[in-house]
Amino acid sequence: MSNEPGMDGSLTDALVRSRRYFTRRGEVSDDLRTLTRTGGRQADDFYRDRWSHDKVVRSTHGVNCTGSCSWKVYVKDGIITWETQQTDYPSVGPDKPEYEPRGCPRGAAFSWYTYSPTRVRYPYVRGVLLDMYREGKRQHGDPVAAWAHVVDHPQRARAYKAARGKGGLVRATWDEAVEMVAAAYVHTIKKWGPDRVAGFSPIPAMSMVSHASGARFTSLVGGSMLSFYDWYADLPVASPQMFGDQTDVPESGDWWDAGYLVMWGSNVPVTRTPDAHWMTEARYRGQKVVVVSPDYADNVKFADEWLAVAPGTDGALAMAMGHVVLKEFFVDRQTPYFTDYTKRYTDLPYLVTLDAVGDAHRPGKFLTAADLLTHEDVENAHFKPVLLDGRSGEPVVPNGALGHRFGETGAGRWNLDLGDVDPLLSLLEPGAESVLVELPRFDHVDGTPGSLRRAVPVRQVGDRLVTTVFDLMLAQYGVGRDGLAGDYASSYDDATAPYTPAWQEAVTGVPAAAAARIAREFARNAEESRGRSMILMGAGTNHWFHSDTIYRAFLGLTTLTGCQGVNGGGWAHYVGQEKCRPITGWAQLAFGLDWKRPPRQMIHTAYWYLHTDQFRYDTFSADTVAAATGTGRLAGLSTADVIAKSARMGWMPSYPTFDRNPLDLADEANESGRPVAEHVVDRLRDGSLRFAAEDPDAPENFPRVLAIWRANLLGSSGKGNEYFLKHLLGTDSSLRATEAGESQRPRDVVWHDEAPDGKLDLLLSLDFRQTSTTVFSDVVLPAATWYEKHDLNTTDMHPFVHSFNPAIAPPWQTRTDWDAWQTIATKFSELAAGHLGTRTDVVAVPLLHDTPDAMANPHGVVRDWKLGECDPVPGVTMPKIVTVERDYAAVGDQMQALGPLLDKLGTTTKGVTYDVTASIDYLRAKNGTVRGGAAAGRPSLARDVHACEAILALSGTTNGHLATQGFKTLEMRTGTALHDLAAEHEGKQITFADTQAAPVPVITSPEWSGSETGGRRYSPFTINVERLKPWHTLTGRQHFYLDHDWITELGESLPVYRPPLNMGALFAEPELGSTGELGVTLRYLTPHNKWSIHSEYQDNLFMLALSRGGQTIWMSDRDAAKVGVQDNDWIEAVNRNGVVVARAIVSHRMPEGTVYMHHAQDRLIDVPIAETSGKRGGIHNSLTRILVKPSHLIGGYAQLAFAFNYLGPTGNQRDEVTVIRKRSQEVTY
Amino acid sequence: MDVFLWVIVPYLCLATFVVGHFWRYRYDKFGWTTRSSQLYEDRLLRLGSPLFHFGMLGVVGGHVLGLLVPQSWTDALGVSHETYHVVAVIGGLVAGLMAVVGMAILIYRRRTVGPVFSATTVMDKVMYAFLAVVIVLGMWNTIAGSILTVGGEYNYREGVSVWYRSFLAFQPDASLMADAPIGFQLHALVAFGLFALWPFTRLVHVFSAPVGYLTRPYIVYRSRDPKLGSRRQRRGWERVG
């Protein structure tokens, strides 16, 4: 027995020793452990080759996932092999985790698309259309005449429209497809008008140049660009309402700064996958994480505490938490930090007038300088609200109001400096007078609106009885004080009084004690950390009809506790990839502002509500959602009437605008010899000219041409899919709804007995893969993927701008979007030269936010000229009427060069105008200049790289000179120091080459409200808080109170709880939870998918393998048992809007009474024929439809004024219900 | 007919066997595998796999002895017909039983263990069918032909074996097989079928049996080849150093 260490045993040793008898190759060591051989490493070739690539290219994914992850794309022998995560993000500093790793399995699967069967490789045209077009061209010779030959002939038009979505796309050449598209544009503009042409492409931040490509063309020809943020229901209307700003949110690195984090409606690990690590890491720093979610969502497992709230009742929980915060931190005990914060940065101390109604009072308008004898003559007096100085007790008009933002006297005074004034929060003092105010409530079980009476302390100012917003807030939240009568809550356990913790328990199912405790912890943390409590919110709470009220209740929490404008605190609203950081440069290119202003920008939701005829199926009037405290301002109006009203008052944009071609309208005015605006006003007055919104079903008011790129309208965002198919496209649909009866029809909007089908003449899509949209398109052009073009990408989630780069040239016949639209523009101009030439266009422009237009409606009083309440005055009581001269033959040249309007007018973003002449000179040198043509001497935009450089050079976030210049301009208005914020980068110009080398941090700029100065993490409103720059609101502060007529009508002047819509009452759907012959009726939610990003990746082989694949609906085991459904069974979900066939995923993760169908599963994977309709079984949006909330249509008043993707009616879809039943398991396709 | 069955078919199968392996090795190196299912189930496997494999080693050895060694050689060594017969039958029975029992366990496992069955390809199923039939027929020949002598005694060493050697020598004598009992005929035919399938199944692993592992230390150091790099030198590029 040897003591030396040996191998396993003597047998093994003997075997190894015997090796020399069998082979001489290699040398066995004395200890028998190792074999040493020479050579024989051929197998290494495999892994060496596996990791040897011809090149590695930086690119990213333009998919609206908010990840904005930079990737390495590997190319071998000219073939893209795969991608891996980039790791070179600039460090965020020594005391935090880093941004890398960024990337998720979906992104890692992208390269599959390059060579996948779903790739669009060639231009395709619907065969029957192409045949008729060719026939027309043979007959007429001219492409435009050939297009007219098809579309102006009813039978021919019918033939190809009815064929949409039924296959039959045939290959065409680029030349022929583009010629047809160009002819369609020329014909439509000539015959119907440029505003009958529309373009849809969302989320510029996800690929700015690609977005700008078609948007630039659409804008230059005078077409309408359709908004996306409101349409996606991602736009939180509460953000303009409260902040006067849209979705300025912290980067994910700022989650690390939070001490208390509530995830409320945002499933971070699933939908913010590359950022989720911040949340998990911050917990190790002591952060408490609370999740509010109806289901056991993926983020719940990260939470210290889970509040399982009933779907759509989040507002009730937030209101109860607000009740606790107000009670414990404002009334029982004054919290200095909260008091100081709310006095300075919110409207809580401002005075609201009370109007006597019967034996009670109702909160009315803000008291403004115009109501004070001493101030009534000051400039913009109606827009300078008033508060009481606690020291003198006298009313004062603080700086920083909307009235200071514009006009001469406001210069240097638009700031939050209160001087010696100490605003009085409450009027309650011993012996104070009080009155009962009537406040709306909506929490009755049957949904009928009610009201409450609660006393508030009051004071007489002049002839007005006033109270403060703070006193109204306490009344609204039900927090009583000694000496105040009314229906105040007796204690937290008072379940009858809104908004106590016990009251919310009955609504939400969250235990009262838990709600109170979380509220207390949230506020306590904010107090101790000075505002580092954060609510991370998103689609789950933002896609409801009344989400603006849910969000105001959330923002109430973050604002009362002084968390807004503080790193690590406040709202963190994440929906789409909204933040196009170099916003100014992108906007100039995208809307052709360098050549023509103003562009046409349309609110998308109202557009489809009217043009897909969903308004015809609305069986309730607009005042159904009014409060019991309303005064009938919406009585007798249908929602379509409200849209028309908003349009003619100039509140919201409306395109097509008039019932005739705006080019002809200009000619008409010209012939009459009068200025166009006067002519239009006269014709409107005498009724010979009408708004198109008042008759959307008249053929002259149809949208005629729609281009879609970087989007999947019919597979992803098109709420009311079956309405689209029937009325817009004119093809088969499974629509089951019945139209409104005579008594329910619009009052002002014209009703046609026969609803039109197939309004749209041309649906053009550009995509790199087949989607639900391309299969319905008339022309599909093959696009380059994200690995085949140059572009720029930014996100809300991190502060970097980085690039797309082509790993390979666009393969087959694909082209980049920039190229494709240049091609279309060139052909268009060629055809337009003979057919259109130079024409004058009449553009109706709504009253715009961040301009003096916001002062058009003092006190938010509704004045409709059509009802004789005022005169039609363009720019005041109706849209501005602006003429634009369009040289249609020059559009091709204009596309390819940066136009001269920039030299003259500069650029304007959020009210700050920049002189960009230096940038133009720089771009001349950088991009080269154009020779000859309409754009001679201008900087070139011929290539996508040129466009990237132009975006970077024209934005403050990427050009330090502009950032400092902008702050200096702003300083003249605010009178406070700002430009030092950008001074550290004044000389810095981020170039496209910089973004190719590595992600580049952006520069602090007045385009946004937060600061990255000194490398700090971005959090919104830090400039407002730290530099006393006002919010863009009426008071210049964050608003709890809104005094617009329609807001008051809806009972939403203050934060309030409104339950989900009752679809049984509105549309006669079966009652929720009931089980009948047809199945069980359940709430139908369409949240985001774990295995896809919208419709992208769900058709990807890898993701199909990871997930169940095909369309699925998640339901609880209890609901499934009611209708005998087992996991993976085929089911049918049916409601009045349509039918969906899917497989059931039965899981106890789901709450009873609710099903989830992950949105945008698209119709291309495994969608069988439905038993209910006999047609192919629909998509998630087959069960939804558009519902427009009237208050979203408000405009022309302070922060409630239109700007593109800033404000507009949301395309919400969460209030829907569906009946689910098991179907035959034998499916056919 | 005899020529077809005992000349054409065997050569076709042999050709498929040889060319097939070449093709498989050339184009499906990463698919050259046992398709091990140990990950899914190991308790039955631990019993069935050694039984089957060691049994099969014995069976193959027996076939080598019986088919390739002419009777004249054993006669020359003085091994009597009876002695040979007893050794062959006993050895064959033991090895055959091991293979049959092992195979039964493996097939039972493959059918009843869900994950294993899910990992079973169509080719696997076809292969198992052929393998099972071949082994059962072989056992039948041993038991029925040599022990029970059903249908009279048959000395395969004067018939089948001679034909087999003539086949390998490319001078096939079909008549030898034509006279063999039906059991032997079937066994041979199905076996050739199995050979034809062989290169397209997991059976290729037979040629990658890690025999060297028996004597190899666990750790192998491979120094660089004397020539630089492992790749072929490319045209136009001269190695430095």
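The first residue you see is number 1, and the count goes up from there.
Including glycine, each Cβ sits where the backbone N, Cα and C put it.
TrEMBL labels come from automatic prediction, so no person has curated them.
What TrEMBL says about this protein:
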BINDING   B:HIS53, B:HIS63, B:HIS205  heme b 1 binding site
BINDING   B:HIS187  heme b 2 binding site
DOMAIN    B:2-224  domain 'NarG-like'
TRANSMEM  B:6-23  transmembrane segment
TRANSMEM  B:44-66  transmembrane segment
TRANSMEM  B:86-108  transmembrane segment
TRANSMEM  B:128-148  transmembrane segment
TRANSMEM  B:182-200  transmembrane segment
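Rounded to the nearest whole angstrom, the C-alpha distance between B:HIS53 (heme b 1 binding site) and the residue listed as 'heme b 2 binding site' is 20. Cα of B:HIS187 (heme b 2 binding site) to Cα of B:HIS205 (heme b 1 binding site): a span of 23 Å. Take B:HIS53, B:HIS63, B:HIS205, the residues named in the record as contacts for heme b 1: the widest Cα to Cα gap among them comes to 20 Å. With respect to Cβ pairs under 8 Å, the transmembrane segment (B:6-23) is most closely packed against B:182-200, considering the stretches B:86-108, B:128-148, B:182-200.
B:HIS63 (heme b 1 binding site) counts 16 other C-beta atoms within 10 Å of its own C-beta, drawing on all protein chains shown. The most densely surrounded of the binding-site residues B:HIS53, B:HIS187, judged by C-beta neighbours within 10 angstroms, is B:HIS187. Long-range neighbours of B:HIS205 (heme b 1 binding site) (same chain, six or more residues apart, CB within less than 8 Å of its CB): B:TRP32, B:THR33, B:THR34.
Predicted-model confidence for the domain 'NarG-like' (B:2-224) is 88, expressed as mean pLDDT.
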